[in-house]
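As structure tokens, the structure follows; a few thoughts come after it.
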Amino acid sequence: MVIGAMYTAVMFVGINNCATVQPIVSIERTVFYRERAAGMYSALPYAIVQVVMEIPYVFVQTSYYTLIVYAMMSFQWTAAKFFWFFFVSYFSFLYFTYYGMMTVSISPNHEVAGIFAAAFYSLFNLFSGFFIPRPVSCVPTSDDCCSSCFFVISITYSVLALSRKSPSGGSGTTGFARWHGQCMGS
């Protein structure tokens, strides 16, 4: 039940981040076209700044989220467990935010980007490993294309990281690192 609540919260806030960033990036793209036509700057510095500027915002958002959710779930207050939860939540929110930015980049406007992103939310949800358990085999086979989906969709790693054992004995890293090591052949 606790894993389900964490999964739902991460998925909800992630989708909210994705939907919130799309209109902003769409407006910024208009400014970028104007400034690039004037010769002010090129695409690479603009893309780097666009990625870097989301880091502090998501950090503050994750700080509030982690403090509230960690206390409401009545988890053990140890530094290792708290910061592991913060780490997993932070990068989960970041990749949803960057996914929203990517959908705007490959579509003509934020309305189409919203439709495009919504089409993949159900795939993220289905192949996250929460509703349909991931396959026992770590290596996807060529005859089973569905098992490959578990390794492509990034929220799978969030679910695994939130549900495995940590070095201090609670939920967190050790099980995930062991599973990842088995999959990577080490």
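Indices start at 1 and increase along the chain as displayed.
Cβ from N, Cα, C; glycine included.
Listed features, source TrEMBL:
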DOMAIN    3-135  domain 'ABC-2 type transporter transmembrane'
TRANSMEM  6-25  transmembrane segment
TRANSMEM  37-59  transmembrane segment
TRANSMEM  79-100  transmembrane segment
TRANSMEM  112-132  transmembrane segment
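The domain 'ABC-2 type transporter transmembrane' (3-135): residue composition by secondary structure is 108 helix, 0 strand, 25 coil, according to DSSP. Sequence-distant contacts of the transmembrane segment (6-25), counting only residues of its own chain at least 6 positions beyond either end whose CB sits under 8 Å from a CB of the stretch, comprise 50, 54, 58, 61, 65, 69, 73, 88-89, 92-93, 95-97, 99-101, 103-105, 110, 113-114, 117, 121, 124-125, 128, 130, 155, 158-159, 162.
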